[in-house]
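Below you'll find the structure, written out as structure tokens, and then a few comments.
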Amino acid sequence: MVNSSQSRPTDRPRLPLAPLFKTLTRQLLSLRGRLLLGAALLWTLLCLTLLAFGWQSGTLLVDETNRMHLRYEAELIRNDIAQQVNQRLTALERLAGRIPTPAEGALARQGAGHLEGLFDGLILVDTDSRILDDWPADAGRLGKNVGDRPYARFMHEVKRPHVSEPFVGRVSGSPRVMMLVPLRDTRGRYTGFVGGLVDIAEGPFFDGFDHLRLGDDGVVTITTASGLRLYQPRQRRSITPVDRQGRPWLDQALDGWEGEAQGAMPTGGEALTAYRQVWPARWVVGVYLPMEQAYGPLARLIERVGDRAFLALGLLLPLVALLLWLTLRSLTRLGHQIGELKRGQREQLTIPTRMGELRQIIDTFNAVEGERRDTLQHLHEQEAVLRGILAASPQAMFVTDTAGSITFVNPALEALLHLAPPAPVSRLVGHLHPDDREPVMAAWRESLAHHRDFERQFRYLDEQGAERWLDVHASTIEVADEVIGLVGVVRDITQRRHDDALRRWEAEHDPLTGLLNRRGFERRLEDAFADWEKAGTPGALVLFDLDRFKPINDEGGHALGDIMLQRVAEAIREVTRSSDHSARQGGDEFALLLNGCGLDQAMTIANALRERIAIRVVEQDGRAWRVTASLGVSRFAAGDTSAAAAIARADAASYRAKSAGRDGVASG
């Protein structure tokens, strides 16, 4: 058997790393070590601050320079494209001026061949969207109908020069755009249009942009306002929609914005961009400069400066350490006693020293510590008194911290809302009425953020789902000009709100029929007339009184007359909409305000109401009583200076209906 001692490798002596590490840690955690680390950190922060300031200043300069460059390039490219588009549209307009009516062979007769350098093809289209002539003649387009093309529909409807959206040619199969100009005969009548084809993939229009470069990786794109990529380097044989997601500046440019911004490259990555509008064609020129290319030289410069700064730190650190060791030997005991004071092992510092500065620090520290203990004791006493006062108050009250969490509620509030602290305000959100929840929480957040008083009346749903109206007023609590929370008062104003609503309703309604009274109706009529004057919102007015109502009152009694008036109110409710207003103005006089209603529709409603009133019957002692209505209808008119004019016309129309035999409708 082999001896185990012989199978082990020879033990090597261990280096004394543990004691060395312990000593180094103790030195770093000492006051001298901390100050040394502080000095190193200060130097680092100073270097980083200077580097950051240099980077910021350089970035602003580089950004402004690059933006000016992009702005200049974008303007040049935009102007060049606009000039080419205008040149082609002008050439088409001159050609259209010599062709009053589309006909076969007209292009050749008018010398369309001289436009070969501008267009890849020309077509003449009549008002039925048929191609009557094309150039070159062997293009295979003659006789085809282009009525399904959006550009043909646009020309037939708008009849003005137009640059179409990109499309794929049926004959060539390549992506193209069409530039169109309307044709008119000698009498100025529209007879069709002439269109010039521009081939995106093979035509010369976009060839010049393939050689444009902004540095090494900058690119130029052309996009239609509808979001289709018309031109992009190495992408001319397909029409693809641009991805607007995450590209707000491109999205704004497609809506008509021009300017420079920081956005995304078409192929991915961050870039400085400039957008310009080619208005004649509704295209957007985009110029992109990658961020790496724009800020690369500046980043390399900052990196070199940073390397030298940290090299200087490495050389200065030993010298600073020596100076700190010489300066802080007398502060060793101060460091130990502060630690003891922190751990509660002593109440004050007791260091005998002749250093005036150190003696002043010790005396000031001891004085501050004594005042702190006295202040804490006083605050505890005041807090106990305040809690006693709030607890004894019959008014519902609460206290929150600066984050809005409720830290105290008195018994009155606890009984009102069944709430006990600590409780975040989020627990109460579910009890707020859905219509009040968002505005109340927005006002509460505004109060917390800006340390303002909170005053709000809102609806609160208790545990049983019953609705209460609460009036909450909260004010900030300030100590030494610092806000430490809010104290609030809560009042239950449910009954008061109910009483106010009832008084408002009774002030504007007829108690017998539930309809508006004259005061309530006139207020709504004035509002409707104001809408008519401001926005032209139509409105119609119906006035009527009851025929043969007096015998019911005289022979059947006022109680029977009241029943008949209620039946008339029921008939009014059956024919009016929720947006309409109806009123009993007094006696047997009624009025209807039909918002958003024209005269014809108002006449229909008035006739329906007349029929419903005529079939209403009240009976007493075996005798049946009926009434009819003579209705006058009017509407707000252009010459009206007030609602009184419409009232006068409706009243006169009602009188005519009554004079014509009653139970009728007339307009005025």
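In case you wondered, yes, glycine gets a Cβ from its N, Cα and C as well.
Pulled from TrEMBL, these are the features on record:
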| type | residues | note |
| --- | --- | --- |
| DOMAIN | 382-451 | domain 'PAS' |
| DOMAIN | 454-505 | domain 'PAC' |
| DOMAIN | 537-668 | domain 'GGDEF' |
| TRANSMEM | 35-55 | transmembrane segment |
| TRANSMEM | 309-328 | transmembrane segment |
Secondary structure composition of the domain 'PAS' (382-451) [DSSP: H/G/I, E/B, coil]: 39 helix, 11 strand, 20 coil
Averaged pLDDT score, the domain 'PAS' (382-451): 79
Tally of DSSP helical, extended and coil residues in the domain 'GGDEF' (537-668): 58 helix, 40 strand, 34 coil
